[in-house]
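**Q** Feature table excerpt (TrEMBL):
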- 6-179: domain 'Hydroxymethylglutaryl-coenzyme A synthase N-terminal' (DOMAIN)
- Glu88: active site, proton donor/acceptor (ACT_SITE)
- Cys122: active site, acyl-thioester intermediate (ACT_SITE)
- 181-463: domain 'Hydroxymethylglutaryl-coenzyme A synthase C-terminal' (DOMAIN)
- Ser214, Lys262, Lys266: CoA binding site (BINDING)
- His257: active site, proton donor/acceptor (ACT_SITE)
Amino acid sequence: ICLGPWPKDVGVIALELYFPSQYVDQAELEQFDGVSAGKYTIGLGQDRMGFCSDREDINSLCLTVVQRLMDRNGLSYDSIGRLEVGTETIIDKSKSVKTVLMQLFEDSGNTDVEGIDTTNACYGGTAALFNAVNWVESSSWDGRYALVVAGDIAVYATGSARPTGGAGAVAMLVGPNAPFAFERGLRGTHMQHAYDFYKPDMVSEYPVVDGKLSIECYLSALDRCYSVYRNKIHAQWQREGSEKHFSLEDFGFLVFHSPYCKLVQKSLARLMLNDFLNHPSPNTETGPFVGLDAFRDVKPEETYFDRDVEKAFMKASAELFEKKTKSSLLISNQNGNMYTPSVYGCLASIIAEHTPSELAGQRVGVFSYGSGFAATLYSLRITQDHTPGSSLDKLVSSLSDLRLRLDSRTKVSPAVFSERMKLREETHHLASYIPQGSVEDLFPGTWYLTRVDDKHRREYARRPLDDDLPAEPEHIRSSAAAEVQKNFHDFPLLSMLITRGPPIIDLSIADADM
């Protein structure tokens, strides 16, 4: 038996994001819907909402984002040993999206790819990511990358919930020596039963939503996850001989699952309330808690809809929001709620909106929530190495065109948006269907649905990359990839018949992490 160390710094090496090529303006949608000006743009904090025509479905979104990640990073398909998809956009109750994605692997001959689909509302992408990290850190790992895909089409029936829709997909390459590495043992999870948002109608894309209950579940899960996370990091620090008190200041950045941007701002305020209530002796004369002494004895579970508490802590956390969270809302504000990819669109936004030197060494708090409900707060530690050509530099470069891509979309009138939503509603479940949407409206390189046959079998094609467009730069071919190649030596492939024994771990630490 060959005993080896844990793979070092397992986490996100590369990240790719896809969103639709068309959007509706939320201010125009306010007028079209006959609601007061600012209801969507100020009340929800949303400016634009991306949406799909009948040419795109969950399979095509994921095909597009996976091929884009593989091509832009110069990766071969035989370098992938695990692929898992997180989605709640279900178009088949048996066949997984992952099996559709295996079409991309055919030319490589690689069929030895673990993983299937994972579903629980907006949490499926996070569950898939955790499974990928756990695989790399396990005795099952064969030295190859894991690929995690989160994708959804978020659509609602006509009414007050429709402006909280969106669509998109994220693909993440997972392996050791990553620029965004998981902090081991630092996950705070809360799971509970509730009917806050669910999809019981098998022939409809639309959910059943209890809006007020959904907000209560989200905020209560945030409270619980933060408490568990804080306890775990305190336990780690105590083992290291530190009695330091953890607070929001210990996060360089904080990203949240974003149903709409205003809820994210309220969520950061919520965490500041938690810091305030858990501080042994908060200073209410100066500093962030100034003037908050009237709220010292409030009970968190009684404050979900307390306007006084909300207003006071949103004001108190305004500076923290500007510094740690606001830049994460680029995709959410411009494209809407993508469901499973939402929080990872926020992570992509943080990366796109900062330089490598601004990111280096920071701790990123990530709060993922899925209705029903399931939630986790965990943290990533960004590498210190931000030199030109480093894995962090290449990751930042790969997302540097995010604003340009958002601005290159086509604005569609609310009337046309409404017509296309009606067409989706009437046809998304049909057999013997030829989509009506224009292929020319799609971004170059986008996969799209060509037909659904009489047995509901779906066929796809890819819009070619325009010859007139500049060639896409080849990002992370990378030092990160080179590091994994090094790991092929440290952790040989199972096909080479070299076995690796379990790592030696401190059982007291393992018990504390459960």
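The chain as shown is numbered from 1 upward.
The backbone N, Cα and C atoms fix where each Cβ goes, and this holds for glycine too.
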**Q** In the same chain, outside Ser214, Lys262, Lys266, whose C-beta lies within 8 angstroms of the Cβ mean position for the CoA site?
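**A** Leaving out the recorded residues gives Ile215, Tyr218, Leu219, Pro259, Tyr260, Leu263, Val264, Ser267.
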**Q** Have a look at the recorded positions (His257, Lys262, Lys266) and report the one with the fewest Cβ neighbours inside 10 Å.
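**A** Ranked by other Cβ atoms within 10 Å, the recorded positions His257, Lys262, Lys266 bottom out at Lys262.
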**Q** So among the recorded positions Cys122, Ser214, who's got the most Cβ atoms within 10 Å?
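**A** The largest 10 Å Cβ neighbour count belongs to Cys122.
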**Q** Could you round the CA separation between Lys266 (CoA binding site) and His257 (active site, proton donor/acceptor) to a whole angstrom and send it over?
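**A** About 12 Å separates the two Cα atoms.
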**Q** Which number gives the other C-beta atoms within 10 angstroms of the C-beta of Glu88 (active site, proton donor/acceptor), all protein chains shown included?
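**A** Looking across every protein chain shown, the total is 27.
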**Q** Nearest to His257 (active site, proton donor/acceptor) in three-dimensional space, by Cα, is which of the recorded positions Glu88, Cys122, Ser214?
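**A** Checking each of Glu88, Cys122, Ser214 against His257 (active site, proton donor/acceptor), the shortest Cα distance is to Cys122.
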**Q** Round to a whole number and give the Cα-to-Cα distance in Å for the pair Cys122 (active site, acyl-thioester intermediate) and Lys262 (CoA binding site).
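**A** Taking the Cα atoms only, Cys122 (active site, acyl-thioester intermediate) lies 18 Å from Lys262 (CoA binding site).
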**Q** Where the record says Ser214, Lys262, Lys266 bind CoA, what is the longest distance in Å from one Cα to another among those residues?
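**A** For the residues that bind CoA, the greatest Cα distance is 14 Å.
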**Q** Which whole-number value in Å describes the distance between the Cα atoms of Glu88 (active site, proton donor/acceptor) and Lys262 (CoA binding site)?
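**A** Spelling it out, the Cα of Glu88 (active site, proton donor/acceptor) and the Cα of Lys262 (CoA binding site) are 23 Å apart.
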